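Working notes, structure below.
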């Protein structure tokens, strides 16, 4: 106080006096000089202290004056950021400053300016100024140092002087006004440039979670993953260290996730033991760090474990037969191997696991029933790949699993006197007896022989003696196996064979590979060859003819199994067909395509009989085999092939042919043919050219004549194997000036000889050479002399083909060459045309064998052609012949032009016939026949000049009628000939007349008729059209007298033009104008337009009226005002404009506002929709209407985010109303809905949600008039507005532990953004979120520890309004868990004796407890409750009177269930204990004698009840006399005396129990519930027992699930209901 007095010097105070005097005239709000709150009148006139008070140093007045200045200028007067003017005016200065601080630091509970919160408040205020000390929450607990640092920062960078010392502001006795004075400087402070700003950090709000931080569950070498959430902790670096049990510390990288708000951390433990995971944020430990993590030993890799074996096969396992499978764990690491097997009912099945060594485990199990079993194999507790698997267990005896195959079961192919064999495989069929029977065609059993058998495989054969149908029956366990009985068609003995087949494909093969075999013909008589494959799958078949009497056959099986290969000749199986081939699966161990077989022994030729033929097979790259080679000669005999392995996969092979015939070698690898197999090898006998013989006339030295056939023979019968070659040449100048080859024919004979035929081409010398195996035989060459044999001068040629003319291009022709008497020589013809290339085609010389030859040809070149004919090479007489080839005849090219179809009689007529391109000889003829059948003279003239191919025909028709014009070319009628020509008299349209009403007018929908008269107008075409608004249907009928009746049907009103033409000339009066009107119908008038909806005073309103369908009439419009009580007809300014198309434009101008009634009449009749009501609005001036807000300003508008704007129309209306309309047009042109809210004060709020990106047009209308700047152009983009997100629900107000707490979040209209939800508090919370698919979601969270929780809700990364929500969490209160016990609520309560009982609330949660004890007359007794500090309370009270007391216990204002509303019988304090012996006999009175009874004042009346019964008086054994000792509590009331007489009755009498109902009768249906009733109301007390026994001895007790007992109350009969079990309905039951 002394320092303040010193500061308040006289001069200082006097200088404030005028200021204070000035302020007094401003009516300052005075809070009194002590700074208290204002009184009821907040504005009082301040009378400043006078000079005496200042001189006297009145400190109270001086400080009050200064405080008033601070309140006014520092707190009340300034305008602060984020403060609403209206709110500031309603608050006191203290409330205003406190509210500003609370708004800046909403997370802190600041409620006053006392010292407890001072340091926190100051630090928070420094924080809000761009983070001068954001880490204030982590500062040490040193108030003085902290306050000094914060205040110094505010002084340095905010310019806020320290008007109060740091040690004073933390002093509990500091006055509130000093603190307010200092804090009032913060709202208007500005941050100085260069301030050391720091981002806000709060490591305590970071958290880490995930399996990598769990105490247990992590293993060595398995990635441990966890997440660090730093969303609320600010900007800082996350650092993670992992320390193993040996103390080795390693830093682990934290990888930021999307958005960089969370971090993913992964580390891999290398050793077992306890690890320590330290998580730092900005260098500080986050909560719960370091984390203790226990790492167990490494588990293996289940993905590397495999299991296989018969026990895992889907089929093949049977009940009661052990099976197994093996588990291979090599390379999978360490882990426990387990197998779990469940039967079809889900019950576990025992499995024995055996370690076989080498990381192999065998699991053996024995299924006991059929059906699907589930087998799960785990390694280290994790299922291995393909686990679990389902195994279908078959029955113990499964005939369906048996398989029978073999030739002896095939439907066809088996023949008599052949062994028919087959086998039966029962390995997967369980146990059973196999029985096989074969019955012949007569039904008699045939002998069946069982051969050696393997493990579950049986071989059988039988020997059919007669053809016919045989039946093979195979049963297993007494049941047929699949396809049994088999029907086998046995055919007769095979006769002489035409075909034989052999090869590896008839014995076996591999799936997906071709199975190959060879079919060869036997002898020369070959039939039709056919093939068929029957087996588990269809097989594609290919057959390739080798042109040597054999073919290669391939088929491709797609499934494993036995196939029947049928080889047929003439639709009949050959001998031994069908062949049974067993196809095995492809195990990928071999690749036959990589086998190479080569060598001379496989070449097509070169092998000689009796000499080894060698070849090599190289299979080193083909995998596993085996190699199999078979060879056979063309005679059908097999050959022995020797095979020797010479190296790794290389084999040397050889065979020795003994016959000079074709040999076939088949090479297979793993049962599949190798490339190019089978190999065909032709074996020869050797070659001996010197043994070839040649003889015949063709090699004689003389005697041959030119052009005469001759021949010679070459005999090779003794020359061995080899090819014969023959060559014949003639000397020069025989054919040409050089030597030439002579053509010849070789004809092979059947005895190893050949005949050579040839014709000497001319006289001269020929040389003949004969070669054998490319060697000339010793007697070759032969030289032969040829003499001439012809005389060409005696030959002549004649016919059309050599004529000078008459030959056409492209048309076949011919001529004949006669050679009789000219000798023998070849006839030759040569053609030479005008152009290049061949002159003719289809040229042929035919020997007629009568000394003549016919020469045919077709010329293909036009113009001069030269034909040279020679005989024996010499030209015949007149050769060469010159032939003129004309173009080909094509009458279709003849054109008739200008031939009129109708001509006038007596007029010169002419037309043109063009023959260009018609070819031929060019002969044109024209004949014209008149209607009377006479020929009409005509002149045919060729046109001179450039078109000589055109001819003009002229004629004059003399009579009326139809003429025929025939045109022929080269004797052929041209297409269309004869042409009809009608000759008529000349027409006269002027003589045609038309008349009738339809030419003048008509009505819509009615036919308009008129008549046309053509008499005397000549012959001509009549044309009729009707043109108008729409097409009119026309009907015309010929009256047969030169007139016709016409009608047309107009469907639309308007002017129609009726055009009538005769010979394409309008008749007089045409076109006729016809006016068609609608029938008068005012109901067809249609009115529309804005003038029927709303109008404005002084403005023209328009009504569009369509009368086009209403017929003729006059249109009028009248109006009547509805204002006033009497409506009066008002003639407005109305203008009706006829648009000349049946429509009218009607305008009217209202002069006053109000409701009007419009009456539109047509032809004096009211039109539809009238009278009509129209509101006339007064004239509106919208220039003063204001529109503002984000929805029209285009700031931060986001797609799918609701925005709004305000329309201020108070200049036009003070009460609002339906004046404002708004439309928002999207960039796509569509409209977006707007919601207009009338605030009833002349302002309107408008909301809309844009759904497209781009510029939107917002149109605002006031009474249909646009407001200024409308339409507004606003841009919309992607983004969100978190302020429009709404979160609500009880889960944001308060919550309970261990219980779901719910709230909802509505994001509709907030745009598109990411929603973030976190719950932070004393414990982690289990949280779930459900998307409702409507722009909202429901959130549920369960906290586990009570306390204050923060519910953070962000949208687009920003907090929504209200977030974070402060939610207090309390323990759940459950009054039902309150337990009450103790003597105070028992039966032994005595009056005036203190009583107590205990209320246990330890498991019911925290809540208020109340207890009320009420005496018999409603008087409340005093109650004392003591809290035992362990969740229990002790309640004490003392009942004052005897009688029934009520004890009511309430917890959390909820009464404990009615069973705990205790009714206590309070007894008087007098009590006597007595014991006595009761001797009882059933049915007789019993006397009770008290053994000991002490009373003071007899006589008494004793009321007693049993306290302890040693032997029950009532019970099932009360049928004999016995003794019971009872202890009685005797209450003393009135006089009486002992002994007491008691009567003991038996407890039950079974003879009085009556049972009845349908369930006790016969004929009870199986599987349906039935009932019967047991009446025991007169039988006394006893236990009811019901037992149902099936006759077979099976018993059903009442406890059976299907047996129900319903007992009725109040002694009514017990009702017994049961459902009979489901054995045969004939089973008897006894109840």
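Including glycine, each Cβ sits where the backbone N, Cα and C put it.
Heads up, TrEMBL stuff is auto-annotated, nobody curated it.
The domain 'Calponin-homology (CH)' annotation in TrEMBL covers 91-191. Across the domain 'Calponin-homology (CH)' (91-191), the model assigns an average pLDDT of 69.
Marked as repeat 'Filamin' by TrEMBL: 198-295 (among others).
What TrEMBL records for 297-393 (among others) is repeat 'Filamin'.
Summarising the annotation, TrEMBL assigns repeat 'Filamin' to 491-583 (among others). Residue counts of the repeat 'Filamin' (491-583) by helix, strand and coil are 3 helix, 50 strand, 40 coil (DSSP-based).
Residues annotated as repeat 'Filamin' in TrEMBL: 587-683 (among others). The helix, strand and coil residue counts that DSSP assigns across the repeat 'Filamin' (587-683) are 6 helix, 49 strand, 42 coil.
Annotated repeat 'Filamin' per TrEMBL: 684-786 (among others), in sequence order.
Here TrEMBL flags 886-983 (among others) as repeat 'Filamin'.
Per TrEMBL, repeat 'Filamin' is recorded for 984-1076 (among others).
Residues annotated as repeat 'Filamin' in TrEMBL: 1077-1176 (among others).
The annotation repeat 'Filamin' is assigned in TrEMBL to 1177-1276 (among others).
With helix defined as DSSP H, G or I and strand as E or B, the repeat 'Filamin' (1277-1369) counts 6 helix, 50 strand, 37 coil. Residues or ranges marked as repeat 'Filamin' in TrEMBL: 1277-1369 (among others).
As annotated by TrEMBL, repeat 'Filamin' applies to 1370-1466 (among others).
Residues or ranges marked as repeat 'Filamin' by TrEMBL: 1545-1593 (among others).
In summary, the repeat 'Filamin' (1277-1369) lies against the repeat 'Filamin' (198-295): three or more C-beta pairs, each 6 or more positions apart in sequence, are under 8 Å. For the repeat 'Filamin' (297-393), DSSP puts the residue distribution at 6 helix, 48 strand, 43 coil.
Sorting each residue of the repeat 'Filamin' (1370-1466) by its DSSP state yields 9 helix, 45 strand, 43 coil.
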